[in-house]
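What Swiss-Prot lists as FMN binding site is HIS8, SER14, HIS15, ALA16, ASN17, MET65, GLN66, TRP67, TYR68, THR105, THR106, GLY107, GLY108, and the listing cites sequence analysis.
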Amino acid sequence: MILIIYAHPYPHHSHANKRMLEQARTLEGVEIRSLYQLYPDFNIDIAAEQEALSRADLIVWQHPMQWYSIPPLLKLWIDKVFSHGWAYGHGGTALHGKHLLWAVTTGGGESHFEIGTHPGFDVLSQPLQATAIYCGLNWLPPFAMHCTFICDDETLEGQARHYKQRLLEWQEAHHG
């Protein structure tokens, strides 16, 4: 099962993430948990989230990039749900062997995130990748949709289909 942990602070303003979710919903075996809808007060149901994670083979963290990082509720979710004794530490093997995909949208162009004056995705993903590895998750190459503020509908739709294809290819490779 693919579990998408969706963290968009302003989902009603979303153009790119909305299309990505629409495409993902067309696949079988996909569950979407919209954190800002489930937890507007930031009071996370840890047991429910851990139960959802236990059913997943692929975990996707999908969100818009904010100040070169993840939205605050996703950070809190990781802090609370990936608990000692469950996700890491003595007896913390619940996530071992599962896969993690970072699916992020950005307002800037792809060249904006190449090494130079701004850090590239290899640098930006390091804290997330380190978290994944520490918890026994298999880190997958990130999926990024760039220029989301200036893309036309056709481009956004094409990128969303590419996202769906990426998820489908993972399903086919791991579940035949």
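Note: Cβ is positioned from N, Cα and C throughout, glycine not excepted.
Feature map: annotations from Swiss-Prot on the structure.
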| residue | record | DSSP (3 states) |
| --- | --- | --- |
| HIS8 | FMN binding site | coil |
| HIS15 | FMN binding site | coil |
| GLN66 | FMN binding site | strand |
| THR106 | FMN binding site | coil |
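All protein chains included, ASN17 (FMN binding site) registers 25 other Cβ atoms within 10 Å of its own Cβ. A simple Cβ count within 10 Å picks out one of the binding-site residues GLN66, THR106 as the most packed, and that one is THR106.
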